[in-house]
Amino acid sequence: MARLPGKTKMKTTRKTSRKKKIMPENAGAPTATEAESKQKFIAAPPEDLFVIGVSPHIRKSVTTTGIMGWVIVALLPITIYGIYIGGLAAFVVVAMSIIGTVGTEAVVQRMRHLPVTVFNLSALVSGLLLALVLPPRLPFWMPLIGGIVAMLLGKHVFGGLGHNIFNPALVGRAVLFVSWTEYMTTSYLGHPLAAVVNTAAIKTINSTTSATPLAALSLAREHELAMSVSGARYIKPLLFGNPWGQIGEVSGLLILVGLAILLINGIVDWRIPVVYVGVVMALSWILGMNPMFAMLSGGLLFGACFMATDYVTNPMTVWGKVVFALGCGIITVVLRFYSNLPDGVMFAILFMNGLTPLIDRYLKPRPYGHKRHGNNKAKTKELDNENHGAGAGVVA
């Protein structure tokens, strides 16, 4: 078919009618003002442009204040009920402990010329945790000293928040326990049943290391006495209203409610409290103790839910957390059954805190492309040497 001459002319006309745009010679070149601003930016970049910090880096909108706020919310029911049971004496212990931690935090940061971060609530949480693991009838100066020691020896001697190896609240309690054992073991509530546990169960012993049913059972087992103080009869009081232990041990049910709050909001990992408590219950059952009584008595439940789950002092990996909880459970049972201490939660957690760097070292995740077997250390060293050599060549 022959092409129509009209269409050919139209195409030719369109092609010939297009005009080339003439660009100026200095088009795309930065103006004097833009060039000057770029030079200023390169010479003095903004302070917040390059922020250097240690890992872990923030991956979601969670702040320290937000995390500590949820911990306080979880602890509030226990604190209020503990003060209700313990009265004014328990309130004084809580108040002085918080004053000690918050005041020490502010003073130390001022002395070190650091920003005062008491409003991120971390010091308040440490003081509250310390108070809840203390007896309710301590002299007012003891929780104050405990709060000061917790911040100095448990936190700032390592560099502050995020750098401490041990749980600060447990460090403060350990120092008080070692320094003033008599106060720490006889400052419980003057409840009639507590007197029964201390005197009627074992009349030949003048003092015990804890005015709790757990101590009575421990001493009865040690002296081969009849188990007149049965563990089963104390399960209901320990669950709903415990007048024998620390301020934070008043109700196992409220502790579980606090744990549920933390789990729902993603504040703690469920593996540590579940594995810790599960190991203690299983081993206690094997050794002849009521597993429910083993869970609710002493500081196990509170320690597993609020002390062992501390972000800074437990391992980072999933398997590391499991190993950490297993160690805490085994050590707690060993101290409960084969030592002079009726309850070994505090020392078990502190011991595993010290092993956390070692656990992280050997249970760290495998880097992508690396094999688990073979001489990985030598290969890593060779790669580091090659990288350093390549970097030196580039610099030169």
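Each Cβ is built from the backbone N, Cα and C atoms, and glycine gets one as well.
Features reported for this protein in TrEMBL:
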- 1-21: compositional bias 'Basic residues' (COMPBIAS)
- Thr212: FMN phosphoryl threonine (MOD_RES)
- 1-30: region 'Disordered' (REGION)
- 371-396: region 'Disordered' (REGION)
- 67-84: transmembrane segment (TRANSMEM)
- 115-134: transmembrane segment (TRANSMEM)
- 140-158: transmembrane segment (TRANSMEM)
- 250-268: transmembrane segment (TRANSMEM)
- 274-306: transmembrane segment (TRANSMEM)
- 318-338: transmembrane segment (TRANSMEM)
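Beyond its flanks by at least six residues, the transmembrane segment (67-84) meets 90-91, 94, 120-122, 124-125, 128-129, 131-132, 136, 247-248, 250-251, 254-255, 257-259, 261-262, 265, 267, 302, 306, 311 of its own chain at Cβ-Cβ distances under 8 Å. Between the transmembrane segment (250-268) and the transmembrane segment (140-158), the number of CB pairs under 8 angstroms, six or more residues apart, is fewer than three, so the stretches are not in contact. When Cβ-Cβ distances below 8 Å are used as the criterion, the transmembrane segment (115-134) is approached by residues 63-65, 68-69, 71-72, 75, 78-79, 82, 93-94, 97-102, 104-106, 109, 142-143, 146-147, 150-151, 154-155, 161, 168-170, 172-173, 176, 184, 246-248, 299, 302-303, 306-307, 346 of the same chain, each at least six residues removed from its ends.
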